[in-house]
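Chemist: One structure, as structure tokens, below. Some questions next.
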Amino acid sequence: MDAKTNDGKAGQCPFTSGRGHKNRDWWPEQLDVQVLHQKSNLSNPMGRDFDYASAFASLDLNAVIADLKALMTDSQDWWPADFGHYGGLMVRMAWHSAGTYRITDGRGGAGGGQQRFAPLNSWPDNVLLDRARRLLWPIKQKYGRKISWADLYVLAGNAALESMGFKPLGFAGGRVDEWEPQELFWGPEGAWLGDERYSGERELAEPLAAVQMGLIYVNPEGPNGQPDPLAAAKDIRETFLRMAMNDEETVALIAGGHTFGKTHGAGDASLVGPVPDSAPIEDQGLGWKGRFGTGKGADAIGSGLEVTWTQTPTKWDNNFFDTLFGFEWELTKSPAGAHQWRAKDAPAITPDPFDESKKHVPTMLTTDLSLRFDPIYGEISKRFHENPDQFADAFARAWFKLTHRDMGPRDRYLGPLVPKEVMIWQDPIPAVDHELVDDNDIADLKAKILASGCTVAQLVSTAWASASTFRGSDKRGGANGARIRLAPQKDWEVNQPIQLKAVLAKLEEIQAEFNDAQTGGKKVSLADLIVLGGSAAVEKAARDAGIDLKVPFTPGRMDASLDQTDVESFAPLEPRADGFRNYISDRHQFMAPEEALVDRAQLLNLTGPEMTVLVGGLRVLGANAADSRHGVFTTRPGKLTNDFFVNLLTMDTEWQPVAGQDGVYESRDRKTGTLKWTGTRVDLIFGSHSQLRAFAEVYACADSGEKFANDFAAAWAKVMNADRFDLKA
């Protein structure tokens, strides 16, 4: 077959994909359900049974680190090392791998090794990092499946720091590689460096945590390229806050990272080739091929900035602050035309990366000067300048947090280099220190819970509120810890605080009575009782519908204390909308309700069918927030029936918007006009969207009652156990 494609015809037939349009091209506003089916085993070459934790346990980590350190000074002709050392490049690669993390939805971060895929591999802010990854390939090739790319990126950053005289706090493995690009909302813009994400007085849209499309944090030249250090400080503070860093951590990270290496802007930026995913096939995935001089070494062009921050760019010291405070600064431009700063009336004291006989005047970025001239950052910077030990400690802690923030609890950390210290941002939960309840205890506790006076709806709502905070993105939230009884979760509107307090009081009575009656050290945690109560209610609802159902339950959750809870960091877990509970808050919504439902389902690691069956079941069980009747398409609430789907899909009724109630609809009998039900966009999407309707039709069939109940129980248990990493080990 002639595989030529340059005539636009040959090579297309008989392939049906060709260059034709996809469904999303024809209907771009259609709800995207495919995000629920990412990370499929079908794209994983390691196979379903591959156990990365076991493979990592067999790794000689010290040997890998030794190889990484040897790499740092083994300069390659195809991409020569600045100052004879790849340390600065590797620190930047690790930083940018982890630095996509955003606290609003927990997405981004180093886990999964997404930097090797589009769009991250082609972001302007990741220019030339493809070289760092290619330099690592021989080491990855040597150790194979024993270390993931995701772990290797972070470990390379740590090894680089060590090789330049800095001692990191530690390293945890456990980041499992992903095998396809994530489809994430990185911003509304259709062009690199666009900034349509702002409104009002430079208010950055959520959940975004970078100022422009294709940047990790901020524009190093200043807001939209305007070289204003004070304005840049505002951007820095907002973006670093959105990736869970306070002011001290921010200063430590910027100053610590900029202690090493340099930026690249040797010539005209127009002489840089296409990004990796647009590069010609013969370039084999390497992008940004330079046509200025040799295109490498002294002729390299990356960001367009040409800055070396210190006089010792391959050594950990305090020279960044020495330079920052030691000179006055004047605006200039790099050879590529980018705004940067040079020291006024300063001698040429900064080394050249490739010619030892040359020296240069000290240079800084606009965002570096922010650390001096912003009043808050300036005070911290002066303290770090005067107290190098404080700076080193702050950088070590901030670097560890940066590179491990998306890994979740310490239970997931692997390897001998894990720090012993427990940090509050890890959302610690006490280890199990008592005998767990057995099957007989569980049966007795279920009976007591159901006899407590709490309704099915109340028990289901409480368990769902506790467990559904889980985010598969950064592995935070979930039922373990019973943090639903603590601030801020106990006060969230969606959790119905008055009802929640009453239900928790009943469960705490049962817990105290059970624990006080034990003589052998056996106990039950409130976290376990909350989940058990919800599961007992689901089983009762199934029995009342004529179906014998057993919801899987495994004890072992523990109760966290308020001292173990960073209240402020849990605030972003509060849902603006929760379609599973038909809830929309008064806060600004940056997604349509049905999009928010899919988004939350994706964070819960649910599939399309699981999302569908859970919505249908939760509606008939009465789990709506504020006891709303929207979507409760049944005359027998509290029973686990498929009525939601049957009554949604019938053609005996028709739907119309309710005047004056945006997003609310009513269903009336086609013949009599009698009002039957009311529902929201989240409810109606299961009849409107073709794929979701296909799922709904499965559960609406006359023979689907038992399948519906069993599928609901399985999906319910999946959510209840979403944070039980001890069960998945």
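Glycine residues also receive a Cβ, built from the backbone N, Cα and C atoms like all the rest.
So Swiss-Prot has the following annotated:
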- 1-24: region 'Disordered' (REGION)
- Arg92: site 'Transition state stabilizer' (SITE)
- His96: active site, proton acceptor (ACT_SITE)
- His258: heme b binding site (BINDING)
Chemist: Measuring Cα to Cα, how far is Arg92 (site 'Transition state stabilizer') from the residue listed as 'heme b binding site' in Å?
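Modeler: Computed Cα spacing between Arg92 (site 'Transition state stabilizer') and the residue listed as 'heme b binding site' is 9 Å.
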Chemist: Would you mind reading off the Cα separation of His258 (heme b binding site) from His96 (active site, proton acceptor), to the nearest angstrom?
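Modeler: Answer for this pair: 13 Å between alpha carbons.
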Chemist: By the count of other Cβ atoms within 10 Å, pick out the sparsest of the recorded positions Arg92, His96, His258.
Modeler: His96
Chemist: Specify the secondary structure state of His96 (active site, proton acceptor) as given by DSSP, simplified to three classes.
Modeler: helix
Chemist: What kind of secondary structure is His258 (heme b binding site) part of, going by DSSP in three states?
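Modeler: In three-state terms, His258 (heme b binding site) counts as coil.
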